Amino acid sequence: MAGSPRRTAGRRLQLPLLCLLLQGATAILFAVFVRYNHETDAALWHWHNHSNADNEFYFRYPSFQDVHTMIFVGFGFLMVFLQRYGFSSVGFTFLSAAFALQWSTLVQGFFHSFHHGHIHVGVESMIDADFCAGAVLISFGAILGKTGPAQLLLMALLEVVLFGLNEFVLLSLLRVKDAGGSMTIHAFGAYFGLVLSRVLYRPQLEKSKHRQGSVYRSDLFAMIGTIFLWIFWPSFNSAPTTLGDGQHRSALNTYYSLTASTLSTFALSALVGRDGRLDMVHIQNAALAGGVVVGTSAEMMLTPFGALVAGFLAGTVSTLGYKFFTPTLESKLKVQDTCGVHNLHGMPGVLGALLGVLVAGLATHEAYGDGLESVFPLLAKGQRSATSQAMHQLFGLFVTLIFASVGGSLGGLLLRLPFLDSPPDSQCYEDQVYWEVPGEHEDLAQGPLRAEELETQA
């Protein structure tokens with residue numbers, strides 16, 4: 001117990017100092033580098049003599065609102081299934097995403113919108129920053145309950161840089177198409193988090209096993225996150241695409257893929273479940289795999305039928321992953337994946353990238369007409385063949401997995417620094433380590449009482 005006061009004192013200072021340091025540094029960088037873009041700057045907008053109705057804000061902001069809701073409500077509540085970790089799931093999502101938005105504005109700005117010594121920001125940069133925050137939160141899901149807030153901020157600090165670099169290589173250098181981020185967001189975030197979890201492996205984690213499960217009400221709250229993500233995912237995949245038919249097609253493909261993954265999830269969950277019962281873990285997560293799997297090919301001519309097939313396959317693979325692969329991942333590979341991000345984001349993300357390879361390889365002028373220019377501009381100009389584009393898509397997946405693996409390894413080494421405050425093995429998945437918790441979770445820890453239990457207690 002002698003170390004307890006020192007631990008408390010360190011916790012009291014570590015997070016405040018890190019928050020102030022990071023906020024101060026980003027504020028200075030914003031002051032030096034960040035400026036409004038021509039769509040936002042009052043003088044530049046009117047100098048170009050546009051109508052107010054032409055401002056891209058009116059076309060992009062509805063999509064931004066949906067994506068923003070997914071990041072803070074969808075991801076946050078999806079992770080509250082742990083019976084004693086609800087405050088941390090929502091609160092640390094809030095903290096990590098808020099920092100990632102600022103930091104990614106700078107990092108992505110240097111890669112994509114740095115002109116004449118300044119980063120120019122507008123509604124598109126807000127959407128891009130939210131996408132980057134999404135990758136950070138996917139990685140957070142793999143180490144949920146096993147890290148402290150200071151560690152999560154440092155993870156975001158590193159991951160945002162590597163996310164921006166990976167995205168720049170894929171989108172700007174390789175000219176890969178990945179509108180909904182099957183590779184750049186889902187596969188990258190998942191495998192970054194999984195490798196990070198492997199480096200942070202805790203052999204004595206069984207000391208907290210009794211808190212790793214869910215209870216009735218925590219699962220119900222987690223379904224709020226699922227429903228928000230499910231509803232808004234068409235906006236997520238279509239937000240960065242070219243206005244017009246590409247955006248329209250992205251929303252439709254995602255819409256149908258999600259419906260198919262939901263049906264396959266219910267079917268497989270009942271099929272592999274005990275006594276034919278559904279597992280809420282499957283429904284909360286695998287039903288969303290349809291949105292992940294069409295991320296790369298969302299704006300392509302996938303066809304509604306293709307979207308249904310892809311979604312059904314993704315839901316099936318994800319459900320089977322939760323049932324059979326997650327236990328093997330921990331027992332054989334020593335990867336403790338709290339939220340099962342490998343099943344929702346990792347495998348569907350890789351499948352989505354491979355689907356993009358297939359659909360890009362089938363692209364023709366006959367199928368796309370004049371729209372080929374907006375989806376595959378290099379094909380339209382004759383600078384690439386469909387086969388060449390498909391090979392670039394495949395190479396993009398390989399590059400993403402390399403960046404994620406190396407980044408996760410570096411992140412694990414960073415988070416293992418001894419002065420960082422991480423919960424001991426016996427206190428993982430527990431809010432009280434970092435939060436003042438009224439009632440000490442007494443009601444949630446027990447779960448809903450059955451009628452006969454109430455009668456017994458009476």
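Any Cβ shown, glycine's included, is placed from N, Cα and C.
Sequence annotations record features per position, and here TrEMBL assigns domain 'Ammonium transporter AmtB-like' to 27-417. Summarised as a single figure, the pLDDT of the domain 'Ammonium transporter AmtB-like' (27-417) averages 95.
The feature transmembrane segment is assigned by TrEMBL to 15-36 (among others).
Listed as Cβ neighbours of the transmembrane segment (67-85) (distance under 8 Å, sequence separation of 6 or more from its ends, same chain) are residues 93-94, 97, 126-127, 130-131, 133-134, 137-138, 140-141, 144-145, 211-215, 218-219, 221-222, 224-226, 228-229, 232-233, 235-236, 239, 281, 284-285, 338-339, 429-432, 441, 444-445, 447. What TrEMBL lists as transmembrane segment is 67-85 (among others).
For 92-114 (among others), the entry in TrEMBL reads transmembrane segment. Beyond the transmembrane segment (92-114), the same-chain residues lying 6 or more positions past its ends with a Cβ under 8 Å from any Cβ of the stretch are 22-23, 26, 29-30, 33-34, 37, 71-72, 75-76, 79, 120-121, 125-126, 128-130, 132-133, 136-137, 140, 149, 152-153, 155-157, 160-161, 163-165, 167-168, 172.
Residues annotated as transmembrane segment in TrEMBL: 126-145 (among others).
Annotation comment: TrEMBL describes 152-174 (among others) as transmembrane segment.
Beyond its flanks by at least six residues, the transmembrane segment (180-201) meets 131, 134-143, 146-147, 155, 159, 162-163, 166-167, 170-171, 236-238, 250, 254, 291-298, 333-338, 341-342, 344-346, 348-353, 355-356, 396-397, 400-401, 403-405, 407-409, 411-413, 415-416 of its own chain at Cβ-Cβ distances under 8 Å. Annotated transmembrane segment per TrEMBL: 180-201 (among others), in sequence order.
Feature annotation from TrEMBL assigns transmembrane segment to 213-233 (among others). Counting same-chain residues at least six beyond the ends of the transmembrane segment (213-233), those with a Cβ under 8 angstroms from any Cβ of the stretch are 66-67, 69-70, 73-83, 86, 254, 258, 262, 280-281, 283-285, 287-288, 291, 444-448.
Annotation source TrEMBL lists transmembrane segment at 253-272 (among others).
For 305-325 (among others), the entry in TrEMBL reads transmembrane segment.
The annotation transmembrane segment is assigned in TrEMBL to 345-364 (among others).
A Cβ distance under 8 Å defines the sequence-distant neighbours of the transmembrane segment (394-415), meaning residues of its chain 6+ beyond its ends; these are 139, 147, 151, 154-155, 158-159, 162, 165-166, 169-170, 174, 176, 178, 183-184, 187-200, 350, 353-354, 357, 422. What TrEMBL records for 394-415 (among others) is transmembrane segment.
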Hey, does the transmembrane segment (15-36) touch the transmembrane segment (152-174), meaning at least 3 C-beta pairs closer than 8 angstroms, sequence gap 6 or more?
yes
If we skip the immediate neighbours and take only residues 6+ beyond the ends of the transmembrane segment (345-364), which ones have a Cβ under 8 Å from one of its Cβ atoms?
138, 141, 177-178, 180, 182-183, 185-191, 194, 289, 292-297, 300-302, 306, 310, 313-314, 317-318, 321, 372, 375-376, 379, 386-387, 389-390, 393-394, 396-397, 400
